[in-house]
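In what follows, a single structure is set out as structure tokens and then discussed.
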């Protein structure tokens, strides 16, 4: 199916059309999803994480029957914009605070600032002498930082004039730049094996962090600005204390170069992507590996958390983007749009959009649509695998294999779009679809009516029924696979008999 590409670099150009396809769901999922759930909830309730999950192996689809056509779902991601103006591979993207602008950097040494408003021209900023490798808007959106292979960092004022200030201290390619949440400082990572922290307004280099023994690909501040995490070609991820400037912990589980790392919005977890085709999630307090994904068939180049903390999007050299459900520990969507490696991806500050860039010189803006349908309701109404035809591509849906383990009783995420997961009751938390029932505040303000059973018990039973539906669908899918296998075996036996009859004199 073809998706209308609504924008190009020049507003007078014809609107191009581009073939984009999607796969929903996928093979393989995370180990120990309940640990991440406990880590996020533990921070918000100011208590230690108590969930202990055994390694559950791959909980993704065991396999899927042939696709069948069905109607598109409103909660599926869709291609919203398509920007063309770079003359070489796109290396980085980032949204401004108000989502009105999108910045991108490229191997063509230029920085582009695209307007999300239709029929508006983009800004092209020139100043770097070599490839632009990273971009990041300041928290206020009034400044834009970029790093380059020319060993410099520039801070731009993203307007028509395009004025910039140059920061010099690195002795090799600058791979990453990221503002602190207060905007007063920013951190950079470089091929000179160092991580450097700078003062934004004083325009001054502050200090270096230098324990990596190979190129440093990425460095990010924690949401509270107290920690820094860095990823390196020495196959490690290091966690730093900004105040003491000491390395708090090194994570060494990756089997190859670590290309990207970022903090979960709660600040309790980090996710890292690597050349070993994997994505790993750790708890920064216990330093335990929470989840491990091996879904891509090539190096994972970038990742980005949804602001709610429930989803993670990845970009890979296998040309795909994948959206992961962190609470369930499974793959939701595989998006095919780029021709060649997908090099970068980033959610907007609200999570309504995410942008991707690739070696095909394209910048694509996708609408996430996570807020259209309550995801808790989607979980209860899991449908059989199907290929969905829509104006923006096709989706292949896969069954859900939930896996939760806890030492303190069942805990389930409250799935509401653009909200950080929270625990209203420390022991049990169940998804409540919006628009059904009264809010907690209104229930507390009105007289309690006599009920035949506790509300928590009712919610528990409702959830059990929903899970039974999921298990029923799973068994149905397995039965379909068994039937297909039997048919195939029967066909093989018949072919073998025919061959034997022909060879018998």
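Every residue gets a Cβ built from N, Cα and C, even glycine.
For 1-29 (among others), the entry in TrEMBL reads region 'Disordered'.
The feature region 'Disordered' is assigned by TrEMBL to 51-81 (among others).
According to TrEMBL, the feature compositional bias 'Low complexity' maps to 51-68 (among others).
Per TrEMBL, the feature repeat 'WD' maps to 83-124 (among others). In the predicted structure, the repeat 'WD' (83-124) carries a mean pLDDT of 93.
Secondary structure of the repeat 'WD' (125-156) per DSSP (helix as H, G, I; strand as E, B; remaining residues coil): 0 helix, 17 strand, 15 coil. The repeat 'WD' feature in TrEMBL is assigned to 125-156 (among others).
Residues 133-140, 143, 145-149, 151-155, 214-221, 223-225, 228, 230-232, 240, 242, 245 of the same chain lie 6 or more positions beyond the ends of the repeat 'WD' (167-208) yet place their CB under 8 Å from a CB of it. Per TrEMBL, repeat 'WD' is recorded for 167-208 (among others).
The repeat 'WD' annotation in TrEMBL covers 209-250 (among others). Counting residues 6+ beyond its ends, the repeat 'WD' (209-250) has Cβ neighbours under 8 Å at 172-173, 175-176, 178-182, 185, 187-191, 193-197, 256-263, 265-267, 270, 272, 274, 282, 284, 287 in the same chain.
Look at TrEMBL and you will find 251-292 (among others) tagged as repeat 'WD'.
The repeat 'WD' annotation in TrEMBL covers 293-334 (among others). In terms of DSSP secondary structure, the repeat 'WD' (293-334) contains 0 helix, 24 strand, 18 coil.
According to TrEMBL, the repeat 'WD' annotation covers 335-367 (among others). Sequence-distant contacts of the repeat 'WD' (335-367) (same chain, at least 6 residues past either end, Cβ-Cβ under 8 Å): 18, 20-23, 77-84, 86-99, 102, 104, 106, 112, 114, 116, 298, 301-308, 313-323, 393, 417-418.
Under the heading region 'Disordered', TrEMBL lists 419-452 (among others).
Annotation source TrEMBL lists compositional bias 'Low complexity' at 440-452 (among others).
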Per the Cβ under 8 Å criterion, with at least 6 residues separating them from its ends, the repeat 'WD' (125-156) contacts 88, 91-98, 101, 103-113, 162-168, 170-179, 181-183, 186, 188, 190, 198, 200, 203
Taking DSSP helix as H, G and I and strand as E and B, the repeat 'WD' (209-250) has 0 helix, 23 strand, 19 coil
